[in-house]
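Notes follow once the structure below has been shown.
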Amino acid sequence: MAEVTVSELAKSVGAPVERILSQMQQAGLTHQSPDDVVSDEEKQKLLTFLKSSHGETVAEPKKITLKRKTTTTLKTGSGSGRKTVNVEVRKKRTYVKRDEVADEIEESAAVAEAEVAKVEEPVVEPVQEPEVAAEPEVVEAPEPEPVVEAIEEAPVEEPAAPAAPVISQTTTASSLVDDAEEMRIRAASARIKAEEERLAAIEKARKEKAAKPAPAPGPAAAAKEDARPTKHVEDLAKLKKPHDKKDEEFDEDGKKHNKKAGKAVKKVAGPKKVASALDYVEDKEEIEEVIHAPKPKRLSANRGPRPVIKVSNKHGFKKPTGKITYDVEIPETITVGELAQRMNVKAGEVVKCLMKMGTMATVNQPIDQETAQLVVEELGHKAVLISADAIEIKLQEEVAANVDGETIPRAPIVTVMGHVDHGKTSLLDYIRKAKVASGEAGGITQHIGAYRVQTSHGELTFLDTPGHAAFTAMRARGAQCTDVVILVVAADDGVMPQTEEAVQHARAAGVPLVVAINKMDKESADPDRVKNELSAKEVIPEDWGGDTQFIEVSAHTGQGIEELLEAVALQAELLELSAPKDVPARGVVVESRMDKGRGVVATVLVQGGDLKSGDILLAGQSFGRVRAMTNEFGEQVKTAGPSSPVEILGLDTPPQAGDEFLVVPDERKAREVAEFRAERERQEKLQRQQAAKLENMFAGIGENETKVLSVVLKTDVRGSLEAIQAALLDIGNDEVQVNIVGGGVGGITGNDVNLALTTGAIVLGFNVRADASARKLAETESIEIRYYSIIYQLIDEVKSALSGMLDPERVEEIVGIAEVRETFRSPKFGQVAGCMVVEGSVHRNKPIRVLRENVVIFEGELESLRRFKDDVSEVRNGTECGIGVKNYDVKVGDQIEVFDVKEVAREL
């Protein structure tokens, strides 16, 4: 070991420098300064002096205690799943010199024999003896076998545990390696201190016990005490024998003892552990000391096999005595797996039951309510049928319970309907005094516009619907949420298909009609023609004895506009429109879109109550808190009353146009209903797909597969998306069809291009554009992106693309006919017919038919065609030729018909 200075030695030992210097001077060393160097021999001399001064002469340590701690993980199963538990195992081993252990055992036996002579009737007397027997602690520490139960040795064992930890806790790892002598010094001083504290505690306990009167022992007690020292000696004699820890670790019930239990309990076998301990020790307070004494360690020399920990394998589950019957709630549709889960059985059991009933089903396949009820009853449970709309009905009842506000008159909601280009938007434009029609793409309206207009006849709310055929659903929605319909018909064009459709929608919704005959400023205007055509549709003018008002107007000159507004106001007055105020709002979603920067924007029409910022709104499968509201002029508003169209922000997804909305008190309920609606739609979709699969399972065998044009469609608003989807799905036929693999509202993103890449689709954007990343990806992967702003162009291009996918039509054309005049045989070609071309021309390489009495009897090809002795490829009308028909013999009078097959492109 390297030489160190006095200050370094004091630092490593943890003692003051002055104290080390004084101890060195007492030991006869000449060190005076902290910087003096201490050699190994001087350290040994100092250590020997310190040990001799404390009554120790042995230089080596009597025992060494090693500690080890390991941490592992254990996975345990529980009712809710598997759980990982951290397990920490702490091991402590004490190594003691064998010769010292033997000496201490003999010394302990001698002490025990001396006690036998001293023990008389006082119970307190044995407490005084532990002060002399200081060494048995070393014996008890290494050997876990129950040794001595007497009170004399229990306090003696207490320093055994602190003695070793003092070494390991107060010395650092570096000092253990660098200087073993310092360790011994520290250990000696700590041992002396612990011994002094122990003796003081025992003296204190003895004095307290001496103050109490001791009961006189009976004859039985005296006999017990006479027998006790012999028991001690026998236990001490067993110290050297290895033992089994099974009796220590587990009691008769199989339960493990507490590790902190004392030796007074552990060392006595049998159920009466504490009672046996009381036989040895009459002092209950000192018994507590024995019980809490540290667990003794086994000697390394006598170390046996690692004890096997017994764990009770008895589980907590008890098999039910009777079958459990569940009340199974069954909605209108439920999957097989979910039904099995509600009955607490395996899904295979439900599938097996369905197979017995003649139904083939998979785990994820939905089944109807009746089938599920039969399965539940078959398996012995009780079926409880619930309505699919139960949760919605409950929510509506809760909302309806709060509708107690007073009703006030409201403005009429007027929908402008009619055929495309008949002037609907221009008429509304004149009323609003704003230029809207000129801003529409292609001059046609492609969205439902909601406007509130202040007129001389009061406030009116107008809905402007598209007139194109693709926007049938929009017109239907407009009629459903309106009070009065203005049917615009061009005076120079008359009644058109969309005009008839608008009449049908108005009748289906039970909404009164006001007919506006537009374009009266044109010279070709013919209002009587319009009246006649509408009369054929059972729309009779008032001046003809009907109940429908016909107003002649012009959107350009303003002719008849005031009369039209007056007619609408009169019709609304007859309806006596009113709505509740100061109640949760309800209404209908007119339009929705995804706006970059603002999120989901929905145009809603409030039909009752007051819609306020911060309300929780539920619309179809969408819900959210209203973050902001704007009117038709783009101004921020805080409240929207009845008949008010507003744009709202804050929904999670764009709702479907036409969905009814209502304000609910709790966001949790709104989320629950929205998720329920989405799940119901998913189940219905799965059911439709499954039905289609079963019906068409064998339909395609032996037939050509249908060609599919895959499309990813993105639009600016939800209404346009629905209209274009409906129009595209109507284009196809049995051979070709459109498959819309993805659709949505908002700009074209990289996800849309990736979807088109994986499905082999083209990307169509209607009034939207692709972002930079999507354009770059599309260019790299050669994905076609097409933009449109007019619905005609989009539908026409998709239709032409589908037409190009159709198989061409094969058309036969007769190019020539030759009559057989004579037949003769040729050694080279066999039978040859001498013919006269009577019509068209005969070609060598075209297919032929042989006709006999104008009936086709053979179809094949020519083997040879000659004019005199020359092979020719064509013989014209009125010319003789020789024809050899391959694999057929012709007769005189037959006709040989030459035809050609041409492919003609088809169109949808």
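Note: Cβ is positioned from N, Cα and C throughout, glycine not excepted.
According to Swiss-Prot, the feature region 'Disordered' maps to 122-180 (among others).
The compositional bias 'Low complexity' annotation in Swiss-Prot covers 157-166.
For 203-267 (among others), the entry in Swiss-Prot reads region 'Disordered'.
Here Swiss-Prot flags 256-267 as compositional bias 'Basic residues'.
Annotation comment: Swiss-Prot describes 409-578 as domain 'tr-type G'.
If you average pLDDT over the region 'G1' (418-425) in this model, you get 81. Annotation comment: Swiss-Prot describes 418-425 as region 'G1', evidence class similarity to another entry.
Annotated GTP binding site per Swiss-Prot: 418-425, 464-468, 518-521, in sequence order, evidence recorded as sequence analysis. The 10 Å shell around the Cβ of G418 (GTP binding site) contains 28 further Cβ atoms across the protein chains shown.
The region 'G2' annotation in Swiss-Prot covers 443-447.
Residues or ranges marked as region 'G3' by Swiss-Prot on the basis of similarity to another entry: 464-467.
If you look up Swiss-Prot, you'll see 518-521 marked as region 'G4'. Tertiary proximity for the region 'G4' (518-521) is limited to same-chain residues at least six positions away from its ends with a CB under 8 Å from its CB atoms, namely 422-423, 426-427, 488-493, 527, 552-557, 559-560.
In this view, M520 (GTP binding site) is surrounded by 21 other Cβ atoms within 10 Å of its Cβ, with every protein chain counted.
When secondary structure is read from DSSP and collapsed to three states, K424 (GTP binding site) falls in the helix class. Helix first, then strand, then coil: DSSP counts for the region 'G4' (518-521) stand at 0 helix, 1 strand, 3 coil. Neighbour count (other Cβ atoms within 10 Å of the Cβ, all protein chains): 28 for T465 (GTP binding site).
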